[in-house]
Amino acid sequence: MDRNPSPPPPTCGSEDEEDLGGGDRIGSTVYSKHWLFGVLSGLIQIVTPESGTSGSADEEEQADLAEEMENEICRVWDMSMDEDVALFLQEFKAPDIFMGVLAKSPCPRLREICVGILGNMACFREICESISKNEDHGQVLLQCLCDSDPPTLLETCRLLLTCLSQTEVASVWVRRIREHPSVYANVCFIMSSSTNVDLLVKVGEVVDKLFDLDEKLMLEWIRKGATRLPGQPHEDSEEQPVFSIVPCVLEAAKQVRSENLEGLDVYMRILQLLTTVDDGVQAIVQCPDTGNDTWRLLFDLVCHEFCQPDDPPVILQEQKTVLASVFSVLSAISASRAEQEHLKIEEGDLPLIDSLIRVLQNMEHCQKKPENPSESDTEEPTICGPTQDDFHMKILKDISCEFLSNIFQVLTKEKVAQGLKEGQLSKQKCSCAFQSLLPLYGPAVEDFVKVVREVDEALADDLEDSFPSVKAQT
C-alpha cells in the first residue's frame, strides 16, 4: 500500500447518525468512539491470541496483517494527527496497546503503523511528556531501532526526533540513549548500510539533534569508534563490528547526496559539529583513509557541484547552510595539514580559492540593492531579497573569509604563479576577496600581496593602489 487510506465516512446509517449526535463523537471531530474502541480491541486480540493456538503456522499468520485490519488501523494513523483524537487515544491508554504490539507482534506493517501513530500523538506536548517519562515505553521504542524493516525504522526515528525537539523531555531521551548502548551501533549500521534516502535523512536528523543537545554524548560516540585502531584484526570472527562515526556519516552523505539537498545539509552539519571538539577533528584526520575520504567528498561538493560558474548568484540562498558546514569542516582539516602529513590536500588550495571567491562574489551580488527601485518588482525581488540581516548568510561569509585567509597564508610563490596562469587568481578576484577580508584579516592579505609581488609586481601595485591600507604596511 503506497499511502495511508483516508479516514472513512463517520456514519454508515441513520442509527450511526443518532449515535454521533449524542456522546459518541471524539471531541469536536466527527469520528466515532465506538468505532475506535473496536479497532483498538482488535489490536489487543492480535497480540494476545487465544491459548492453544500458538505454533509456527500461527506465527506466520501473525506476521501478515489482514487487509481490513490494515485499512482500519491506517485510518487511526491518519486520525491521530487531530489533537482531540490523540488526547482520546491517550485517555484510553492506547499507547500501552501500541507498545504491546511493538513488544510482541512480528508483523512489520503493524509495527510501522503503531510507531507512526505514536509519532503523531507525540506532536502534542502533554502526550509527548507522558510517553517520554515512561521508562518501559522508552526502552521499547529504543529497541525498535534494532528492527530490520526500513518503514518501521523511519517512523521510530521520526518519533525520537519529535521527542528530542520537545525541550521538556529532551534531556530524558538523551540520558536514555546514553544508557542504551545498542543505539549507537544501530544508528551507525543504518547510516553505513541503508540505501533508503528517507530513512537516512531522518536518522541523520536524530544524530544532528543529539549532538547539538549534548556534547558529552557526541564525545562518547566519537570515542566508541576509537576502541579499535584502524586495520586492527578481529580476534573473534563472531565479534560484532566496531563502528566509527565519521565513516558512517560519510557513507550516508554519499547516499543522499544526489537525491536530497536537505539530507546532505544534515550530514554536513553533523561533520561540522564533530569539528567543534578536538576529539572530533582527530576522528576525521588521524586515520589516513577517513581524512582523505572526507576531504575528497567535501572538496568535490564545493568545487564541482555547489555554486558553479554557470549558476545564478541567487543559488547561494538555497545552498548557504550546506556550504557553511562544508567550508567549516574543510577549514578544520586544512588546519591539521602540518601535523597530518598523510593528508593529500595541497593541490586543492587553488580550486578552493576559486570557489570561496565565487561564493563571496555571489554574496555581494545578492546584497546589492537595485539602482532603480522599480526594478525590484521585475528582477528577482523575493529570491535574492535583502540579505544583510540574514543570519545564515552572515555565518557563511564569516566561515568563508576565515578559510580564505588561512589558505592565503600558506600559498607559495609557485602556487600564486600557477593560480594567475590558470585563472583562479586575478585582479578582479583578488579585489573581491580583499573587500570581504579587510580589515579583519589584514595581516593575511598583506602576506599574500607580498607573495604576489614576487610573481607579478604590476598586479601587486594595482592591488595596493585599490586598497591603501595594505600598501601602507607592505
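All residue numbers here begin at 1 and follow the chain in the order shown.
Cβ coordinates come from backbone N, Cα and C, glycine included.
Between S6, S105, the residue that has phosphoserine written against it in Swiss-Prot is S6. Of the candidates T152, T227, T387, Swiss-Prot records phosphothreonine for T387; the remaining residues carry no such annotation there, which does not rule it out for them. Of S14, S51, S426, S469, the one with phosphoserine in Swiss-Prot is S14, while the others lack that note in the record, though it may still apply to them.
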